[in-house]
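Below you'll find the structure, written out as structure tokens, and then a few comments.
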Amino acid sequence: MARSPPARRGGLCEDHPVSSSATATATFALAGLVALASFAHVGVLALAVLLVCALVAAGWPDLLDLPTPRGTSAVVVLTALGAGVVVTVAVLAARSGGTQASGVLGQLPVVAALALLLAFVHQLLRRDGRPRLVESVTGAVSGQALVVLAAAWVAVPTTYAGAPLAPVVLSAVVAAGAVSATTWPLRVVGPLNLVVGAATGYLAGEAVVLLGGQGVVSEGRWAVAGVVAGAGVGLLVSAWRALTGGLPRVRSLPAALAVAAVPVAASGAAAYLVGRLVLL
């Protein structure tokens with residue numbers, strides 16, 4: 001009797017999990033997109049960040065096997081759109097007023113609070129008896145938190161370091177992602193990511209200085225910022241490797257793209273903090 005073809009989900013064969021190297025390549029592409037967009041108009045950067053958030057939203061329910069995936073994705077996308085619009089408007093207002101854009105993320109807590117209400121409204125609108133209610137709420141809220149963090153990328157060019165800080169941080173994300181794509185155990189990958197991330201951040205910071213893009217920030221502070229940011233995102237990528245390691249193997253394209261996009265999204269807040277606190 002002929003075998004039936006293997007089931008498909010998200011356009012990929014269930015018998016062929018997505019490789020870690022393919023995920024790392026997607027992370028590289030997304031990081032490069034955001035890094036380049038950081039030198040463009042704030043609207044272009046906001047669109048690039050929104051694309052990253054859309055990939056997170058599309059694959060998040062599949063990655064966590066959440067009920068009502070369409071509703072969850074919609075909730076996460078709406079949160080990303082709201083956060084991006086709020087930060088973009090704040091950046092434009094600060095620039096048009098000629099003031100230091102130090103409070104451009106001031107409204108993000110409001111967005112986060114409204115996002116939480118939106119997650120509960122989504123549950124109230126469900127018509128399937130609301131099975132796995134707690135799992136659905138926590139899954140949606142965690143996805144919303146990620147895209148709110150990603151909105152900080154829009155404000156990174158307003159920091160003391162300016163746009164060059166984005167490629168410094170994202171280069172460390174890519175390097176740590178490449179290490180995490182190996183088959184080495186987490187006890188090796190975790191410490192190695194800290195070292196690789198810090199070293200990559202330092203070298204990227206030195207490259208900014210050599211290329212004359214340091215602006216008002218001294219060479220020493222660029223070195224410190226690169227090390228701090230690199231070590232931070234190395235820890236972040238290691239944590240993401242640990243979390244995804246406990247999930248079933250990724251077999252759908254949306255879930256694989258979400259795995260690739262999360263480190264880029266989550267590192268936005270880290271980049272902004274480094275630009276504001278380290279590069280004073």
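Heads up, the Cβ atoms here are built off N, Cα and C, so glycines get one too.
Copied over from TrEMBL, here are the features:
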TRANSMEM  28-60  transmembrane segment
TRANSMEM  72-94  transmembrane segment
TRANSMEM  106-125  transmembrane segment
TRANSMEM  137-156  transmembrane segment
TRANSMEM  162-182  transmembrane segment
TRANSMEM  194-216  transmembrane segment
TRANSMEM  222-243  transmembrane segment
TRANSMEM  255-274  transmembrane segment
Next item on the list: Decide whether the stretches the transmembrane segment (255-274) and the transmembrane segment (162-182) have at least 3 CB pairs under 8 angstroms, with pairs required to be 6 or more apart in sequence.
Entry: yes
Item checked: Winner by Cβ pairs under 8 Å against the transmembrane segment (28-60), considering only 106-125, 137-156, 162-182, 194-216 -> 137-156
Next item on the list: Among 72-94, 106-125, 162-182, 194-216, point out the range having the most Cβ pairs under 8 angstroms from the transmembrane segment (137-156).
Entry: 72-94
Next item on the list: Would you kindly list the residues that approach the transmembrane segment (162-182) from elsewhere in its chain, counting only those six or more residues past its ends and only Cβ-Cβ distances under 8 Å?
Entry: 20-21, 23-24, 27-28, 31-32, 34-35, 38-39, 153, 156, 189, 192-193, 196-201, 203-205, 208, 213-215, 222, 225-226, 229-230, 233-234, 236-238, 240-241, 260, 263-264, 267, 270-271, 274-275, 279
Next item on the list: Please give the sequence-distant neighbours of the transmembrane segment (106-125): residues at least 6 beyond its ends with Cβ less than 8 Å from one of its Cβ atoms.
Entry: 68, 71-72, 74-75, 78-79, 82-83, 86-87, 90, 133, 136-137, 140-141, 144-145, 148, 151-152
